[in-house]
Amino acid sequence: MMKFALLLLATGMLLFPPFATAHSCSDEFQQLAETKLPNSTRIQSCRSKTLGAEFGWSFNKTSRRLHVAFGARLRHEDTGWMAWGVNPDGPQMAGTRAVIGVKHKNGTYECHKYNVTAMTKSRRCPLVPADDADDVGVEFSRCEMHYDTGLEYHVIVAAVVLPEKKFNSSETNVVWQIGEEIRGNEPLMHPKSINNFDSTETIDLESTKIISYTRHQRNRLRIVHGIVNIVGWGTLLPSGVIVSRYMRIFPKPCKNWYDIHVTCQTSGYIIGSAGWALGLWLGKASHNYKFNIHNTVGLLIFIFATIQMLAWRLRPHPSDGYRMYWNMYHHFLGYSILALIFFNIFLGIKILEPQHVWKWAYIGILGALGTLALAFEFIGWIKFLTQNSSSKQG
């Protein structure tokens with residue numbers, strides 16, 4: 001079973017590459033970006049990013065001036081905001097000096113400079129535009145927001161001078177974000193998906209190389225974490241329940257039903273536990289955000305499943321008077337674990353993959369298992385009623 005779990009991990013690593021953001025952006029966006037920058041400025045590098053964003057820039061080492069074009073599609077039709085910034089403290093939100101473009105409900109656009117502090121990140125202070133006289137640590141000499149009907153992109157165009165004392169051009173921390181809700185010029189909380197929290201990168205502005213690859217490795221491990229948990233907790237354990245309930249009587253008594261049931265439950269527990277352990281490591285590696293509900297429910301699933309495995313070894317003999325109570329407890333806890341598993345898998349999918357592809361794939365898996373269970377239930381009742389009718393006639 002452990003070999004199978006390791007094989008599954010390796011397969012996930014190969015089939016699902018990291019959400020790398022080092023891919024070149026589209027030709028259409030690069031052409032659009034060059035039309036928005038000053039005439040004498042050409043895009044040195046253009047990359048696609050998380051959240052469906054694209055980022056092109058040109059950096060002058062002598063003047064320390066960075067020209068930026070940042071584009072993406074805003075999901076909300078009426079309002080929205082998009083942000084791009086640099087952070088001298090690290091690839092994180094708090095401490096970012098940003099330009100944020102805001103789309104108002106009346107169709108107008110504004111672009112201002114902001115200083116994102118720890119207080120604004122924790123929402124103890126509103127994130128409002130900095131005054132022109134305010135020193136945010138960098139000099140923004142341009143901030144504009146446009147909409148391109150051809151690409152259906154909203155684009156921020158900005159120019160910023162990076163002080164040499166605070167910013168190392170060979171290791172510049174870039175932060176970007178996209179949200180939907182606004183209050184005046186104040187951007188409100190963005191969606192709480194992994195891609196939103198991971199919208200940071202460290203780049204070399206001169207060589208245009210991506211430096212921070214650690215996050216990309218974590219993204220790949222998150223995908224493996226999701227696959228392993230869906231297979232272990234979300235597929236094998238429900239399959240074991242179906243075997244236990246229906247293979248005793250359909251299509252005829254199966255002598256090996258118990259062995260099949262134990263195999264499904266044991267392999268599901270081992271694989272699911274491996275996914276849970278990987279989730280613990282990912283939680284410790286993610287310093288800037290926590291998913292407390294997902295983590296807590298995952299812990300409960302592991303604890304309850306472990307109790308079930310231990311109880312299986314300590315189950316009373318069928319002739320024992322306590323066997324009835326053990327069966328009641330075993331069934332109740334088993335179905336409770338399944339409810340927690342289904343809830344947590346869908347919660348994890350929402351965090352990891354907000355585009356809902358995984359969601360519908362898992363709904364398909366549950367639909368197949370549910371259809372199989374309903375078919376067994378239907379045929380079991382027909383068999384029961386038929387046998388009952390025959391016994392009465394006899």
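Start at 1 and count along the chain as shown; that gives each residue its number.
Note that Cβ sites are derived from N, Cα and C of the backbone, with glycine treated the same way.
Just so it is clear, the model here is predicted, and its values are computed rather than measured.
For the ranges 138-161, 258-281, the feature annotated in TrEMBL as transmembrane segment maps to 258-281.
Within the same chain, the residues at least 6 positions away from His225 (heme b binding site) whose Cβ sits under 8 Å from its Cβ are Gly275, Leu278, Gly279, Leu282, listed in sequence order. Sequence-distant neighbours of His261 (heme b binding site) (same chain, 6+ apart, CB under 8 A from its CB) are Gly240, Val243, Ser244, Met247. The binding-site residues listed here are His294, His330; among them, His294 has the most other Cβ atoms within 10 Å of its own Cβ.
For the heme b site listed in the record, the two most distant Cα atoms among His225, His261, His294, His330 lie 28 Å apart.
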